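Only one structure is covered here, and it is reproduced in the block below.
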């Protein structure tokens with residue numbers, strides 16, 4: 001199936017049904033009262049994250065989605081039937097924004113997460129609601145509300161823990177094949193990868209992470225050159241970036257240091273938050289370098305490249321160094337998850353304390369108000385209309401009543 005990660009659609013929720021203005025018609029009751037029912041609500045439109053989907057191709061060709069209108073109210077206090085809701089299933093990781101306002105409508109970042117994208121209109125009121133002691137036969141009713149109408153942008157950002165960076169032909173697809181069960185196309189020409197590939201790396205029975213391979217970047221990618229710029233968004237949800245560098249390029253004019261710095265610069269131009277993510281270097285294709293030259297080649301690269309958070313020396317083709325790398329990534333991710341869970345627990349505890357304090361303040365205000373009311377009653381300024389005189393005749397009359 002073709003990989004589509006962006007689409008634009010229009011959603012139109014159903015209008016509410018109109019209320020009814022009708023009157024009872026019964027035998028021997030020539031002028032019955034109002035009995036008009038309310039209109040049904042219009043159908044709403046929901047977006048649902050479905051892990052079984054991995055592309056937005058369905059929404060590229062079906063752009064208009066309209067929910068059912070609510071039925072009108074009837075006589076005998078019959079309410080109109082509500083319009084049926086529509087559920088639009090989308091891949092996990094889909095971000096929905098309003099094209100007109102730029103508002104974030106929903107971020108479907110978990111399987112089964114559901115969000116309303118267009119709310120159906122409320123049904124109108126029947127004339128039964130407008131009956132009063134003054135107007136016993138109202139002819140007034142209200143029309144149903146219009147449902148929401150929106151133009152939406154759907155943007156798929158794949159959910160992965162690790163994102164692979166690198167120039168075309170840096171060995172990213174070979175690496176993901178070596179460490180996971182994913183089988184992307186591998187060839188000895190640039191831009192072999194035309195769409196993101198996901199692979200699950202399992203370090204043991206209970207530990208794993210997801211790695212994303214996007215098409216190679218070239219200089220000017222942030223301005224739209226090459227293919228990689230179309231898919232940089234898929235790296236925004238990752239927790240660490242793995243930058244693969246070809247230390248043994250076939251082109252004698254190629255400069256690994258210049259190419260690596262160009263990739264980093266493209267990240268900075270595209271998104272500052274992406275640029276600031278943890279970024280590790282994987283110096284690849286060491287199997288093509290004579291063993292006695294490897295240490296010098298690596299040292300020369302690191303000296304010219306500058307400071308780096310962490311670096312690893314690997315050969316994706318032979319697997320050398322890959323095991324050490326994936327276990328280091330797993331440990332880093334596990335530590336991050338533990339820290340995130342601790343922060344979440346602390347946040348939950350703080351929210352619970354804040355809620356308890358707010359509840360205590362409300363209770364204190366209530367008790368203060370209650371004491372004030374009691375004090376007013378004792379001084380005769382209460383709401384019962386008495387002036388606090390103990391010799392009130394009404395009180396004496398009450399106390400002199402015989403007990404039954």
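Each residue, glycine too, has its Cβ placed from N, Cα and C.
Copied over from Swiss-Prot, here are the features:
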- 1-159: domain 'Obg' (DOMAIN)
- 22-43: region 'Disordered' (REGION)
- 33-43: compositional bias 'Gly residues' (COMPBIAS)
- 160-334: domain 'OBG-type G' (DOMAIN)
- 166-173, 191-195, 213-216, 284-287, 315-317: GTP binding site (BINDING)
- 173, 193: Mg(2+) binding site (BINDING)
- 373-404: region 'Disordered' (REGION)
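Location within the structure of each feature annotated in Swiss-Prot.
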residue: 166; record: GTP binding site; DSSP class: coil
residue: 172; record: GTP binding site; DSSP class: helix
residue: 215; record: GTP binding site; DSSP class: coil
residue: 285; record: GTP binding site; DSSP class: coil
residue: 315; record: GTP binding site; DSSP class: coil
Which number gives the other C-beta atoms within 10 angstroms of the C-beta of residue 169 (GTP binding site), all protein chains shown included?
22
Which of 172, 285, all binding-site residues, has a Cβ with the fewest other Cβ atoms inside 10 Å
285
Which whole-number value in Å describes the distance between the Cα atoms of residue 285 (GTP binding site) and residue 173 (Mg(2+) binding site)?
13
At 10 angstroms around each C-beta, which of the binding-site residues 173, 315 has the fewest other C-beta atoms nearby?
315
At the Cα level, what's the spacing in Å between residue 173 (Mg(2+) binding site) and residue 315 (GTP binding site), rounded?
12
Over the domain 'OBG-type G' (160-334) the mean pLDDT stands at 81
With every protein chain in view, what's the tally of Cβ atoms within 10 Å of the Cβ of residue 215 (GTP binding site), excluding that atom itself?
24
The compositional bias 'Gly residues' (33-43) resolves under DSSP into 0 helix, 1 strand, 10 coil
